[in-house]
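Record features (Swiss-Prot):
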type	residues	note
TRANSMEM	19-39	transmembrane segment
TRANSMEM	48-68	transmembrane segment
TRANSMEM	85-105	transmembrane segment
TRANSMEM	106-126	transmembrane segment
TRANSMEM	156-176	transmembrane segment
TRANSMEM	178-198	transmembrane segment
TRANSMEM	224-244	transmembrane segment
TRANSMEM	252-272	transmembrane segment
TRANSMEM	283-303	transmembrane segment
TRANSMEM	309-329	transmembrane segment
TRANSMEM	344-364	transmembrane segment
TRANSMEM	366-386	transmembrane segment
Amino acid sequence: MPEPVAEPALNGLRLNLRIVSIVMFNFASYLTIGLPLAVLPGYVHDAMGFSAFWAGLIISLQYFATLLSRPHAGRYADVLGPKKIVVFGLCGCFLSGLGYLLADIASAWPMISLLLLGLGRVILGIGQSFAGTGSTLWGVGVVGSLHIGRVISWNGIVTYGAMAMGAPLGVLCYAWGGLQGLALTVMGVALLAVLLALPRPSVKANKGKPLPFRAVLGRVWLYGMALALASAGFGVIATFITLFYDAKGWDGAAFALTLFSVAFVGTRLLFPNGINRLGGLNVAMICFGVEIIGLLLVGTAAMPWMAKIGVLLTGMGFSLVFPALGVVAVKAVPPQNQGAALATYTVFMDMSLGVTGPLAGLVMTWAGVPVIYLAAAGLVAMALLLTWRLKKRPPSALPEAASSS
């Protein structure tokens, strides 16, 4: 974690502009994720002739690489400083585009081309974990730890914005220049971001002795568990809302997903100071309550408008969960370990989203689509109970007070 700067009285637009000037590098990393997202599955399946399994695996490789590399990204950010980690991550995003370009050149040899695509996806996953973790810590170093919740919130906003822009833009690039055109666009985005990042002033890495990974995990895992449970609600909306609408015989699933995204981003924009004013655990519990109501409305919906209101409330509720719990988790460790803490905490969400799809699919096959939303509401209720217990525990029993041994 960077050493905290002197925290001037930054407010409103000036504060947001300083944060956005850093988190735009995370925007660039997620844009390189969004650009090929709607193209590669069809390219692998239709143009290259591989099965749907291989098409899905090519996409999933990036997520696995992100999951496995994220703890290392946090630790290196603590030791080397976040700017170097961001630049390293953006270079990885550039190399992923180079992998796509080489795969296109090797298209006459399908297995070699597939391996190059897979290598590009793995490098992209590593690059994103470094760029994303580093940009959050860089932003905190620039505006001060008082505003860590706002920095995390803005990172989420640019993530959604980049993914929303990237997918249709990637389709246009592919229609214009094939896989080569898409690869060059990815490389151009990453290269531009690197060139913009290099002149920016660094924030110093903290020179304190880092805690071992087990000690960091021991201090943040309860907050991570609450995040993982709450993330199930997001997972079932994002993955299965289309099947839910089909099972009901309704139209409008795409609009429901748009409502979720608007509610998610809008809530973060409307309540930028909520975490500082009420405290992370209090905000998290309020959010859990709203998310539970939303999921119950979806699961019991008899009319399309009920489902849409439920999706809207779920997006509002889930919006501030990550920054609210993240603020508390990061402060549970010394400053020199806050990068590792943030990365370790984020892994819980990565894992939750990874297992929610398959498990919810099994439940859906056994009990029907609506049941998965009721089950997700139950998991969020468990997150609410866990957070309430954390709030009620005496300071000596909280994870941040736990021994590092």
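The first residue you see is number 1, and the count goes up from there.
For all residues, glycine too, the Cβ spot is worked out from N, Cα and C.
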Any chance the transmembrane segment (366-386) and the transmembrane segment (283-303) have 3 or more Cβ pairs under 8 A, given the pairs are 6 or more apart in sequence? yes
At a C-beta cut-off of under 8 Å, are there same-chain residues at least 6 beyond the transmembrane segment (156-176) that contact it? List them, or none. 20, 23-24, 26-39, 43, 132, 182, 185, 261, 264-265, 268-269, 319, 322-323
What stretch of 19-39, 224-244, 344-364 shows the most Cβ pairs under 8 Å to the transmembrane segment (178-198)? 19-39
If one takes Cβ-Cβ under 8 Å and requires six or more residues beyond its ends, the residues near the transmembrane segment (252-272) are 16, 150, 153-154, 156-157, 160-161, 164, 237-238, 241-242, 244-246, 304, 307-308, 311-316, 318-320, 323
Checking 48-68, 283-303, 344-364 against the transmembrane segment (309-329) for Cβ pairs under 8 Å, the most are found for 283-303
Would you confirm whether the transmembrane segment (85-105) and the transmembrane segment (283-303) meet the contact rule of 3 or more C-beta pairs below 8 angstroms, pairs 6 or more apart in sequence? no
If I count Cβ-Cβ pairs under 8 A between the transmembrane segment (344-364) and each of 19-39, 48-68, 224-244, 283-303, which range comes out on top? 224-244
